[in-house]
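Record features (TrEMBL):
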- A:4-348: domain 'Aminotransferase class V' (DOMAIN)
- A:Arg42: L-glutamate binding site (BINDING)
- A:Ala76, A:Ser77, A:Trp101, A:Thr151, A:Asp171, A:Gln194, A:Asn237, A:Thr238: pyridoxal 5'-phosphate binding site (BINDING)
- A:Lys195: N6-(pyridoxal phosphate)lysine (MOD_RES)
There are 2 protein chains.
Amino acid sequence: MSRVYNFSAGPAMLPEEVLRQSSAEMLDYQGCGMSVMEMSHRSSSFQNILDQAQQDLKDLLALPDNYKVLFLQGGASQQFAMVPMNLMKNGVADYIVTGQWAKKAYAEGAKYGKANKLATSEDRTFAYIPDCADLPVSPDADYVYICENNTIYGTKYKTLPNTKGKPLVADQSSCFLSEPVDVSRYGLIFAGAQKNIGPAGVVVVIIREDLIPEEVPAFVPTMLQYKIHADNNSLYNTPPCYGIYICGKVFQWIKAQGGLEGMQQRNLEKAKLLYDFLDESRLFRGTVDKKDRSLMNVPFVTGDKDLDAKFVKEAAAKGLVNLKGHRTVGGMRASIYNAMPLAGVQTLVDFMKQFETENG
Amino acid sequence: MSRVYNFSAGPAMLPEEVLRQSSAEMLDYQGCGMSVMEMSHRSSSFQNILDQAQQDLKDLLALPDNYKVLFLQGGASQQFAMVPMNLMKNGVADYIVTGQWAKKAYAEGAKYGKANKLATSEDRTFAYIPDCADLPVSPDADYVYICENNTIYGTKYKTLPNTKGKPLVADQSSCFLSEPVDVSRYGLIFAGAQKNIGPAGVVVVIIREDLIPEEVPAFVPTMLQYKIHADNNSLYNTPPCYGIYICGKVFQWIKAQGGLEGMQQRNLEKAKLLYDFLDESRLFRGTVDKKDRSLMNVPFVTGDKDLDAKFVKEAAAKGLVNLKGHRTVGGMRASIYNAMPLAGVQTLVDFMKQFETENG
């Protein structure tokens, strides 16, 4: 067996230790004689897995008591509808559009009320985060929406928008648990699991309790009501049990790395290694404004499409895979989520240096 | 490692061979250096997994060309809303209510139009399937809905309802791929994976192409539109990749057992063993009308609650687990899905005989 360094934007690398444990427990979880995949979601064994995952996540986030943690299905894309369906009371919401995912969320929001594009960075292919210190937030906005880390473009909010008292809703899919976060500044956070915390098929929702509506419009499906899932502790119907189990293992792994402070230190170190090289390189350059650089997704180009393609191909041959950039940006993108070890980034930078020497 | 015989109603047993393969491939799928959980859903490796799973399912079902196979999220519960949201054109649908799940689907359907309860077996705690040969199907019904196998009560339609030309929609969650099926008699079939085909978090939808609407009401979320998923071949957003991979392995396992004919023979043999004993037992008796007995879920009682509890406890001590019945039926329930081997049912019957001798 030979593991590669996988720079995929998602689904993405998981800690090898988590995979080893899961493999070992596949036929018999802790002596109960069955796989976690085979367990009734109403069994005490699974209830323990769910409770532990939830508690570990609360610990990691130092979650205030007035927030609920939900493990749902349908990914971030389904949250694009669930958020307005549940949170639009005045029928108005403000969206800051910093990439394709925020744009999709905005379009979906517009189906359920008046969605305002409060700011956007589309003018420069989303290569920056707009100044959000004093935006004209709608007086009757039910929430202000952001995609906090933009996977495709490699930008991240370093300062949260001034929402002027309105609840902040954040898609944290690609930066979730990558650094400490003050949850009390958000009304709702959601994150698809497949980047930083587990396999595709689980989406974590963290919601301030007072935002969970008692009533929703009649057309909202039962499965798309936060209240149903909150009241049933994510067990209204059969949840994605195996995915939750893997997320739980990742939460424990993060704890063992020193929690979110530990992850931040590790992520800063990895990102610095790569960005420092990009800033001094004669061949490669980063594509986004330095002040808005993501710690998770690092797009870069040579400026020559053929050379980009050559780089991606030669890197893959060395076990550095999935470095091809998104088609809207071109070039390369290295996604260096929590589970990517420093050695992976070091190997990448070493290869970039070598490639620069050979092709510069 | 000691595996138990797991009679859970779902999530339920998976073929041991499937689990062994998954365990072996956890850190490195076929030499690509990563787990299936870590693969980009846009990668050729995952595309191959998806294509193969889809093709194997089509082969097993001898699927007519005018049907699409979709792998979605949200389980059967989300289908309860997706079906009326997409299929109600006249705003009318007929439901046959043969258990709690059909009842929930009916209630959800009533949110989106006029849902008629065409027939029900609620008068005798759903212990039978009503005669559906000549029901007063609504002239403008968009579909007739059934739950084909009733997990909680242990009944199954042996004859499909006469829908008088209206499309038949069937929740096959707990009988999917358990026997040959003539798909051309259905408009839409859906099945949560966690009983017969894989882990929770995947729901398979098989839909006749002409029923996929070009347009849906404006309030229908993008993620709840069949057309979006059909047009994108289940890759509109990140699908539950690992679950699909496991389902694919189960499809291959079913093929190796002789396909749906092979499964049916195996399932008939298992069910006969248990039902024959129930019919001759002095202590135990089945709870449903013989003509409507499910091959998958077998509820039975002693008639004495304390004795039922004693049985469940002693059986568990012998590695026969999750035999407790649903609270609405009481007693015991043995779910003997595809992956339950004949030896498991034989061991159960042997223990029932012993228990009868000791307590009869």
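Glycine too: its Cβ is placed from the backbone N, Cα and C atoms.
What you see is a predicted model, and the numbers here were worked out from it, not measured in a lab.
Where TrEMBL records a feature, it is marked here on the structure.
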| residue | record | DSSP (3 states) |
| --- | --- | --- |
| A:Arg42 | L-glutamate binding site | coil |
| A:Ala76 | pyridoxal 5'-phosphate binding site | helix |
| A:Trp101 | pyridoxal 5'-phosphate binding site | helix |
| A:Thr151 | pyridoxal 5'-phosphate binding site | coil |
| A:Asp171 | pyridoxal 5'-phosphate binding site | strand |
| A:Gln194 | pyridoxal 5'-phosphate binding site | coil |
| A:Asn237 | pyridoxal 5'-phosphate binding site | coil |
Study note, to complete from the structure: Least crowded of the recorded positions A:Arg42, A:Lys195, counting other Cβ atoms within 10 Å of each Cβ, is A:Arg42
Review point. Which residues of the same chain, at least 6 positions away in sequence, have a Cβ lying under 8 Å from the Cβ of A:Thr151 (pyridoxal 5'-phosphate binding site)?
Key: A:Ala9, A:Gly10, A:Gly99, A:Trp101, A:Ser173, A:Ser174, A:Lys195, A:Met296, A:Asn297, A:Ser335
Revision key, fill the gap. In chain order, residues whose C-beta lies under 8 angstroms from the C-beta of A:Thr238 (pyridoxal 5'-phosphate binding site), counting only those at least six residues away in the same chain, are A:His41
Study note, to complete from the structure: Listed in sequence order, the residues of the same chain lying six or more positions from A:Ser77 (pyridoxal 5'-phosphate binding site) whose CB sits under 8 Å from its CB are A:Lys104
Practice item. Take the C-alpha atoms of A:Asn237 (pyridoxal 5'-phosphate binding site) and A:Arg42 (L-glutamate binding site) and report the distance between them in angstrom, rounded. Key: 10
Exercise for review: May I ask for the distance between A:Asp171 (pyridoxal 5'-phosphate binding site) and A:Arg42 (L-glutamate binding site), taken between their Cα atoms and rounded to an integer number of Å?
Suggested key: 30
Point to revise | recorded positions, contacting chain B; criterion Cβ under 8 Å; candidates A:Ser77, A:Thr151, A:Gln194, A:Lys195, A:Asn237, A:Thr238 | key: A:Ser77, A:Gln194, A:Asn237, A:Thr238
Review point. Can you tell which of A:Gln194, A:Asn237 has the most other C-beta atoms within 10 Å, given these are the binding-site residues?
Key: A:Gln194
Practice item. Measure from the CA atom of A:Gln194 (pyridoxal 5'-phosphate binding site) to the CA atom of A:Arg42 (L-glutamate binding site) and give the result in Å, rounded to a whole number. Key: 25
**Study point:** Neighbourhood of A:Ala76 (pyridoxal 5'-phosphate binding site) by C-beta distance under 8 A, where only residues 6 or more apart in the same chain count
**Key:** A:Trp101, A:Asp171, A:Ser173, A:Phe190, A:Ala191, A:Gly192, A:Val203
Review point. Which whole-number mean pLDDT does the model give the domain 'Aminotransferase class V' (A:4-348)?
Key: 97
Study note, to complete from the structure: A:Ala76, A:Ser77, A:Trp101, A:Thr151, A:Asp171, A:Gln194, A:Asn237, A:Thr238 bind pyridoxal 5'-phosphate per the record; greatest CA separation between any two, in Å, is 31
